[in-house]
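See below for the structure under consideration.
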């Protein structure tokens, strides 16, 4: 994404609206969002949403005045609990240790939420809070503002865990009460932390929360159907690959380019890897059970602890190595293949450096037909997803790391 404050807007009729951070001396061109192509209706909606973002500036300024070092550390920690760096290790922990079905459905839901939020972000191209007066405490200029990814996932992930647990798990009432309190704190603290850190407006959070609620309401109704379709459907692997590539092809790519599509490709590919792994592992389902899916009544706590710990350590190591090696191998392999086929490709990081601080598209260069980084990420993260759902359980079974 452009630097903070370089988010610009333009109408087809040349009546442009400028982000409040920008001045006429910057010499920047205005950015037209994909929604502007809908004409007056699209521009009207975009401007109304921009107004709602600007209305949230005074509350953010008031909140900024009450920042303290202790609260800042706490809010950064809360914000971390809404990132993929936390969700992915947590997801595979649930997959390998707690409940395999919950783990894979949670991954698919995260992929759906991530794609939806990224798609809407790049359709609207709305800015983050104005700087100044808001001073962000985190660097969040790689993507547009509304809706907030943290808000969407902050609704989807915690509350799906709650509903799934309430329906499928047997716990005492006090256990559900404690879990409910943790879920409420987790969800609310993630969303509030983004306001405190100055990286999202109230409108971003509200919009993300609404989108998350809508997705969750439908997902709860179809999650079991989706899981059965993946397990016993026809041509599941082919459908997963084709539909995911179609969705990525339809994802908007506005100028200036952001990291949104790169992240969306990765999350979508992980979901595809999960689908492939589940679809190809129906013959021996017992191998792919989580630790707590087994009968553990006669298992000592010490055995349960060390088997789970070793499985996690082995699994995390294997996933990280798969990601690292696949990126190296596929990057070199596909780069050489594209050169042989004389296909032009580039990486976003190089494109961003070439563009410098200018936020306007480089029309002279044109849009390359292929982007190496997207292809490498897609193939690599499909492998990562497969290793997480199938590779790790198979390895643990082969070395006897089971109960």
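Just so you know, the numbers here start at 1 and follow the chain as drawn.
The backbone N, Cα and C atoms fix where each Cβ goes, glycine too.
Annotations in TrEMBL come from automatic prediction, not curation.
Quick look at what TrEMBL lists:
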type     : residues : note
REGION   : 1-29     : region 'Disordered'
COMPBIAS : 11-22    : compositional bias 'Basic and acidic residues'
TRANSMEM : 79-98    : transmembrane segment
DOMAIN   : 102-220  : domain 'Phosphatidic acid phosphatase type 2/haloperoxidase'
TRANSMEM : 105-124  : transmembrane segment
TRANSMEM : 144-162  : transmembrane segment
TRANSMEM : 174-197  : transmembrane segment
TRANSMEM : 203-220  : transmembrane segment
TRANSMEM : 232-251  : transmembrane segment
TRANSMEM : 302-321  : transmembrane segment
TRANSMEM : 372-395  : transmembrane segment
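Contact between the transmembrane segment (372-395) and the transmembrane segment (79-98) is supported by 3 or more Cβ pairs under 8 Å, counting only residues 6 or more apart in sequence. Listed as Cβ neighbours of the transmembrane segment (144-162) (distance under 8 Å, sequence separation of 6 or more from its ends, same chain) are residues 1, 7, 49, 53, 79, 82-83, 87, 102, 105-106, 109-110, 113-114, 116-118, 120-122, 124-129, 179-180, 183, 186-187, 190-191, 193-194, 200-201, 203-209, 211-213, 215-216, 219-220, 258, 260. Per-stretch counts of Cβ pairs under 8 Å to the transmembrane segment (174-197) identify 203-220 as the leading one among 105-124, 203-220, 232-251, 302-321. Between the transmembrane segment (79-98) and the transmembrane segment (302-321) there are 3 or more Cβ pairs closer than 8 Å, counting only residues 6 or more apart in sequence, so the two stretches are in contact.
Listed by sequence, the residues of this chain that lie at least six past the ends of the transmembrane segment (105-124) yet keep a Cβ under 8 A from its Cβ atoms are 33-35, 46, 49, 84, 87, 91, 94-95, 143-149, 152-153, 156-157, 160-161, 164, 208, 211-212, 215-216, 219, 223, 226-227, 247, 251-254, 258, 260-261, 263-264, 267-268, 270-271, 274-275, 385, 389. Computed over the domain 'Phosphatidic acid phosphatase type 2/haloperoxidase' (102-220), the whole-number mean pLDDT of the model equals 88. Here the domain 'Phosphatidic acid phosphatase type 2/haloperoxidase' (102-220) is broken down by DSSP into helix, strand and coil counts: 86 helix, 0 strand, 33 coil.
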